Amino acid sequence: MGYTFRFEPVFERFDQLLEGAWLTIQLSGSAMLVGLLVSILFALLKTSGPRPLAWLVNAYVELIRNTPFLVQIFFIFFGLPALGMRLTPNSAALLALIINFGAYGTEIIRAGIESIAKGQIEAGFALGLKRLQIFRYIILKPAMRAIYPALTSQFIYLMLTSSVVSAISADDLTAIGNNIQSATFAAFEVYLVITLIYLFLSIGFSSLFKLVERVAFNYPLSR
Amino acid sequence: MIRPFGFNEFLFILTAVQWTIALSAIAFCGGGLGGLGIALARTSSMKLLRLVTTGYIRLFQGTPLLMQLFLVYFGANIFGLPLNAWIAALLALSLHASAFLGEIWRGCIQAVAPGQNEAATALALNYRDRMRYVILPQAARIAVAPTVGFLVQLIKGTSLASIIGFMELTRSGQIINNATFEPFKVFGVVALIYFSLCWPLSLLARRLERHFARSTAR
């Protein structure tokens with residue numbers, strides 16, 4: 001084992017790594033925000049939309065969930081320009097992440113919608129609550145609570161998946177790592193530091209989400 | 001020279017499926033063996049063992065699979081071994097699978113009613129016999145559906161092995177795309193092949209889950 005680790009050239013570029021981490025947070029954050037809107041729309045279509053539309057949404061969900069993200073991003077980045085749609089690596093990456101998240105998000109939100117018992121809403125009417133109050137306290141909040149754990153862990157999964165966008169050289173933490181790697185040839189050291197940054201990000205976000213959960217949904221469960 | 005995307009090109013991609021299947025199968029077996037060990041360690045009465053395996057699971061669930069592949073691939077260098085995409089992909093995916101299966105199966109072991117373990121202990125069965133004859137058979141029943149679900153995730157994960165140069169379905173697609181410049185068709189076909197591998201498994205997992213939910217409902 002005559003290997004000498006070279007971490008200095010990696011730590012010399014720590015500002016680049018921090019910038020890469022910020023890029024990854026921005027990319028996955030914006031994909032999540034837009035992806036959530038897509039998910040809400042599609043979940044409503046799937047549960048109460050017209051039949052052909054519900055079928056289409058279902059096909060989209062199944063297709064995305066049963067193919068690798070790498071192939072999806074190749075299809076979007078290389079395939080769409082063949083149809084005359086020019087995309088930069090960054091916009092292709094964002095689009096692919098939104099489409100990918102949308103499929104998982106649709107299923108999560110659909111489950112949330114279906115978790116609200118009808119009797120709960122009727123009970124609200126019986127108590128003389130207004131429509132808006134019923135929506136806010138009886139539908140929205142319990143549904144949010146039901147989907148919150150799945151949604152937040154899906155975000156962390158999205159952030160980890162986003163490292164794949166480096167394959168089309170979009171800007172993110174892994175792509176910065178690839179650049180540093182080709183400048184320093186300290187491959188293992190670079191990717192070890194990057195892996196630890198990802199670990200730090202996912203543990204950080206999951207602690208933050210748990211904290212928010214404790215504050216926002218602190219009322220006791222029924223039963 | 002640019003070739004058209006014809007039957008030969010399709011055949012080239014289709015035959016590459018065998019490497020995707022082989023990689024998934026071996027990683028699943030390796031991950032299954034490791035995962036059983038992890039699950040047992042995670043539920044053991046020794047605190048240190050639980051702590052170490054919890055850290056192991058956190059590490060693999062909190063980092064991208066792509067980085068895990070890179071670390072194993074470039075890490076071989078440290079031990080003076082040559083860079084080999086086959087060995088790196090197999091090892092990294094097995095380790096990855098062992099962490100995820102370990103966590104899934106931990107849940108299944110803990111879902112077996114505690115009275116079962118207590119009854120087996122009262123019958124003077126030792127740890128090995130309790131696990132072998134009482135706990136694991138019942139946990140296995142619960143575990144089937146989520147395990148099949150994870151297999152889908154693993155098959156999709158093998159596509160990342162193409163980035164370190166492992167020749168499988170996605171890599172064959174890239175090669176054909178470079179020769180034909182018909183990305184829409186090529187990656188469409190690649191996606192459909194993955195879909196035909198994964199979708200039946202997803203349906204099976206969902207059916208098993210429903211079946212299990214019905215058979216345990218009072």
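For all residues, glycine too, the Cβ spot is worked out from N, Cα and C.
Positions annotated as transmembrane segment by TrEMBL: B:12-38 (among others).
The domain 'ABC transmembrane type-1' feature in TrEMBL is assigned to B:17-205.
Counting residues 6+ beyond its ends, the transmembrane segment (B:59-79) has Cβ neighbours under 8 Å at 85, 87-89, 91-93, 95-96, 99-100, 103, 157, 160-161, 163-164 in the same chain. The transmembrane segment annotation in TrEMBL covers B:59-79 (among others).
The transmembrane segment annotation in TrEMBL covers B:85-105 (among others).
Remote same-chain residues near the transmembrane segment (B:140-166) are listed as 19-20, 23-24, 27-28, 31, 65-66, 69-70, 73, 85-86, 88-89, 93, 96-97, 100-101, 104-105, 107-108, 111-112, 174, 194, 197-198, 201-202, 204-206, 208-209, 212 (criterion: CB distance under 8 Å, separation of at least six residues from the stretch ends). Summarising the annotation, TrEMBL assigns transmembrane segment to B:140-166 (among others).
Look at TrEMBL and you will find B:186-205 (among others) tagged as transmembrane segment. Within the same chain, residues 5, 9-10, 13-14, 17, 20-21, 145-146, 148-149, 151-152, 155-156, 159, 169-170, 172-173, 176-177, 180 sit at least 6 positions outside the transmembrane segment (B:186-205) and bring their C-beta atoms closer than 8 Å to a C-beta of that stretch.
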- Note on the structure: Under 8 Å Cβ-Cβ from the transmembrane segment (B:85-105), and at least six residues away from its ends along the same chain, one finds 23, 26-28, 30-39, 41-42, 53, 56-57, 59-61, 65, 68-69, 71-73, 76, 139, 143, 146-147, 150, 153-154, 157-158, 161, 164-167
